[in-house]
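Contents: one structure, followed by commentary.
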Amino acid sequence: MSWFTPEVIDVIIQVVKAIVVLLAVVVCGALLSFVERRLLGWWQDRYGPNRVGPFGMFQIAADMLKMFFKEDWNPPFVDKMIFTLAPVVAMSALLIGFSIIPITPGWGVADLNIGLLFFFAMAGLSVYAVLFAGWSSNNKYALLGSLRASAQTVSYEVFLGLALMGVVVQVGSFNMRDIVEYQAQNLWFIIPQFFGFCTFFIAGVAVTHRHPFDQPEAEQELADGYHIEYAGMKWGMFFVGEYIGIILISALLVTLFFGGWHGPFGILPQVPFLWFALKTAFFIMLFILLRASIPRPRYDQVMDFSWKFCLPLTLINLLVTAAIVLYNTPAVAAQ
């Protein structure tokens, strides 16, 4: 009797696909470091990395070698177990969160009926990594940075969820593939859910702690925040995890508001991966452009903006969407 039944072969294929997708995300997260520096140099009219290899293309390899050979040192005053666990949780939570993204009709790690809820579970888990890092470091700057980061992340995750509820109400499902297919038959949600998109994008930048919402890592105030005691590969996991977060939020924007793997007006349906990659790359570059062009506000301004602007906007968007859906739903005759 052969072990390789059709069911076993299907499981093996799905596992291989999952490994390929997640490894590709990690590699892209590492490469984004080089892409960001090149784009910042171009936009700010200066040289980017241009010494290692042609056009500085091997700079990322040099950075990785430097990181691998740095001493993996634990300060004597830290809580070693939690100190080591924090970067692992930070990177793995975001990487697992990417598993719900449908890249093409046939490629994706997991097709969950509660896909969006699973994403929020992983996003909430990443908050613990920041708290672990700040508390276990026994450093006042690290603790202040982690408190800032956790308060900011928890606040903006509220609006992240409320911004998506308009999409869920219209589709009637938390499944990511259902949302993509709904947009293929109707308008992309960037039009009917424009205010939800704006709020989701702002909250996504804040949750990933990217400029201008990088107050938890403000060098001038907190000396790099909760990262301050980390070095070597532990710091590298935080570093790559941040870029994985950028890729994840960009992929979610594409999936939820820009039709996923579908092209505009049904153009070139034969290349779904190309459309998904191009749209995701656009939002990644938009993240980088924000760093190059917008100053950092004060921390109290960031929190005021969340509760005084984002909350009313998301609630109004959700109420209007619910009213429209209710109006367009045919009344059920009383039995």
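Cβ from N, Cα, C; glycine included.
As given in Swiss-Prot:
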TRANSMEM  15-35  transmembrane segment
TRANSMEM  81-101  transmembrane segment
TRANSMEM  114-134  transmembrane segment
TRANSMEM  154-174  transmembrane segment
TRANSMEM  187-207  transmembrane segment
TRANSMEM  238-258  transmembrane segment
TRANSMEM  270-290  transmembrane segment
TRANSMEM  307-327  transmembrane segment
**Item:** Leading stretch by Cβ pairs under 8 Å, where the reference is the transmembrane segment (307-327) and the options are 15-35, 114-134, 154-174, 187-207, 238-258
**Value:** 154-174
**Message:** Tell me whether the transmembrane segment (81-101) sits in contact with the transmembrane segment (238-258), defined here as at least 3 Cβ pairs under 8 Å among residues 6 or more apart in sequence.
**Reply:** yes
**Prompt:** Short question: which residues 6 or more past the ends of the transmembrane segment (238-258) have a Cβ under 8 Å from it?
**Reply:** 25-26, 28-30, 32-33, 87, 90-91, 94-95, 97-98, 101-103, 119, 126, 133, 164, 167, 176, 179-180, 188-190, 193, 196-197, 200-201, 204-205, 207-210, 227, 230, 276, 279-281, 283-284, 287
